[in-house]
Amino acid sequence: MIREIRKVGDPILKTKAKKVEKIDEKVKELARDMIETMKFCNGVGLAAPQVGESLRIIVVDYEDNPIVLINPEIIEMSGEELDYEGCLSVPGVEVPVKRAERIVFKAQDLDGRTKKYRAKGLLARVVQHEVDHLDGMLILDRAVEEPLKTEEK
């Protein structure tokens, strides 16, 4: 089911999301809905708070293969890159944001297994962006310059 994307100004986007304690059918259904919503909106990542759920779940589109990451935690960061980012919850703007170039992070999959990942480039940027959502941060909070206005689709 495609869910409504919460927009800037919604209090859930400024609230730290709760840890997922149990991966049950409700969590799996939410993950499926998040993937469907991300694809429908042509996004590359989506966090549960963006669809109104205060849970530490993100989905990331990796080489056209959606990955569900539960309770993701970035454990190493290196390098630094400045690039423009957009956000489904902040439509119509792109914001220059500094991010780590490379990260190591861990997360649980839908079977509850904890896995460790290494990412660089776009994937590293997307994971950091989505983890920010779980911590109640938006790209506007990380902007290093004024945002650029883009055309809303």
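Using the three backbone atoms N, Cα and C, a Cβ is placed for every residue, glycine included.
According to TrEMBL, the protein has these features:
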BINDING   CYS87, HIS129, HIS133  Fe cation binding site
ACT_SITE  GLU130  active site
With every protein chain in view, how many other Cβ atoms are within 10 Å of the Cβ of CYS87 (Fe cation binding site)? 25
Between CYS87 (Fe cation binding site) and GLU130 (active site), how far is it from one CA atom to the other, in Å? 10
List, in sequence order, the same-chain residues at least six positions removed whose CB sits under 8 Å from that of GLU130 (active site)? GLY45, LEU46, ALA47, ILE58, VAL60, LEU69, PRO72
Filtered by Cβ under 8 Å and at least 6 apart in sequence, the residues in the chain of HIS133 (Fe cation binding site) near it are LEU13, ALA17, ALA47, PRO49, GLN50, ILE58, SER89
Given the Fe cation site CYS87, HIS129, HIS133, its other Cβ neighbours within 8 Å of the Cβ centroid, in chain order, are GLY45, ALA47, GLN50, GLU85, LEU88, SER89, GLU130, ASP132, LEU138, ILE139
Cβ contacts of HIS129 (Fe cation binding site) (under 8 Å, same chain, 6 or more positions away): GLY45, GLU85, CYS87, VAL97, ARG99, ILE139
